[in-house]
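**Q** Copying in the features that Swiss-Prot gives for the protein in this structure:
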- 1-15: compositional bias 'Basic and acidic residues' (COMPBIAS)
- 1-74: topological domain 'Cytoplasmic' (TOPO_DOM)
- 1-24: region 'Disordered' (REGION)
- 75-95: transmembrane segment (TRANSMEM)
- 96-398: topological domain 'Extracellular' (TOPO_DOM)
- Asn123: N-linked glycosylation site (CARBOHYD)
- Ser246: active site, nucleophile (ACT_SITE)
Amino acid sequence: MRKRTEPVTLEHERCAASGSSSSGSAAAALDADCSLKQNLRLAGKGTAEPHSASDAGMKRALGRRKSLWFRLRKILLCVLGFYIAIPFLVKLCPGIQAKLIFLNFVRVPYFIDLKKPQDQGLNHTCNYYLQPEDDVTIGVWHTIPSVWWKNAQGKDQMWYEDALASNHAIILYLHGNAGTRGGDHRVELYKVLSSLGYHVVTFDYRGWGDSVGTPSERGMTYDALHVFDWIKARSGDNPVYIWGHSLGTGVATNLVRRLCERETPPDALILESPFTNIREEAKSHPFSVIYRYFPGFDWFFLDPITSSGIKFANDENMKHISCPLLILHAEDDPVVPFHLGRKLYNIAAPSRSFRDFKVQFIPFHSDLGYRHKYIYKSPELPRILREFLGKSEPERQH
């Protein structure tokens, strides 16, 4: 029995020893495995942190983009809403269109004293005030021919009024919208005309400059009629020409039509940068370009103009005017398109009312750069006026 159990015991001990040895190896292996896993976790943590920072940066960038797009969309919606609201505002408040047509609230140049035309280089000009109607007062400038500038120094209004009866023709100048009779380009034209030997009488319509009253087409026309009659009462048999520029061409044709109807026409009519009628001009004006193709453009924008009594129908007036007509227009005019001036000429030239009178259209090439208000710079202007006004008498039929 002892011999049998001894090997078993030894085997058991060997197994125990072997088990003890294998247990130590397993523990060592386990420790190594744990160390490896820890190192892997540490390594993983080190690589995960940059990915996490990158993701956060991308999220912030996307957030900023979304915020920017939201603000941009909000701005676009506001602009679109404003764009759509304006036509309805104009339709509901037609007085807005009248303001935009007249622009009498725009006084350029600023800070000039209209009582002192000499401050604008017009040292042979007198400032008057006339009263066409009750509660309406208009400021007037009278510039005499430049050859008299020395004699004019220190003279009073009476002297200037008497000078109208001298042997010099008179031009009644009707300016356009915005600004005053002291506008830079207007003053330069007065100087040119004065140097050619003309008296120049100009004024600010009611509501412009220092003139008192509320602007309207009827009122502007009546102011012009009052000044014309005032000139005729003092000028004897001297020729009186009417010169209208831009919106002033509408006043000019209204005035001349009334004068022809009462059989006291002027000696000639000069239209600088004219249009056919206010509807066509408003539709062609650069201000209207963003709405020109807006659905219902005429109903929203043009009908309120005519419903306010503003027509300035030069094309219609041409049928009732009987006096020499000269039209001046620059091809590069950005305000009143050249084609409207040409169209007006094509209406006037064959009209029966002009059959006994000279009708002339003078274009100025776009290369000259005269645009809307610089035709006075043309060195050809004196010749054009001399040739035309020298033929301003009715042509006899043969």
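A Cβ is built for glycine as well, from the same backbone N, Cα and C atoms used for every other residue.
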**Q** Have a look around Asn123 (N-linked glycosylation site) and count the other CB atoms within 10 A of its CB, chains all included.
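**A** The Cβ of Asn123 (N-linked glycosylation site) has 14 Cβ neighbours within 10 Å.
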**Q** Using a Cβ cut-off of under 8 Å, list the residues of the same chain at least 6 residues beyond the transmembrane segment (75-95) that approach it.
**A** 290-291, 294, 296, 299-301, 303-305, 307-308
**Q** Across all the protein chains here, work out how many other Cβ atoms are within 10 Å of the Cβ of Ser246 (active site, nucleophile).
**A** 23
**Q** For Ser246 (active site, nucleophile), what is the secondary structure by DSSP, using just helix, strand and coil?
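**A** Assignment for Ser246 (active site, nucleophile) reads coil.
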**Q** Could you round the CA separation between the residue listed as 'N-linked glycosylation site' and the residue listed as 'active site, nucleophile' to a whole angstrom and send it over?
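**A** The residue listed as 'active site, nucleophile' has its Cα 27 Å from the Cα of the residue listed as 'N-linked glycosylation site'.
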**Q** Could you tell me which three-state DSSP class the residue listed as 'N-linked glycosylation site' falls into?
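**A** Looking at the DSSP assignment, the residue listed as 'N-linked glycosylation site' belongs to neither helix nor strand, so coil.
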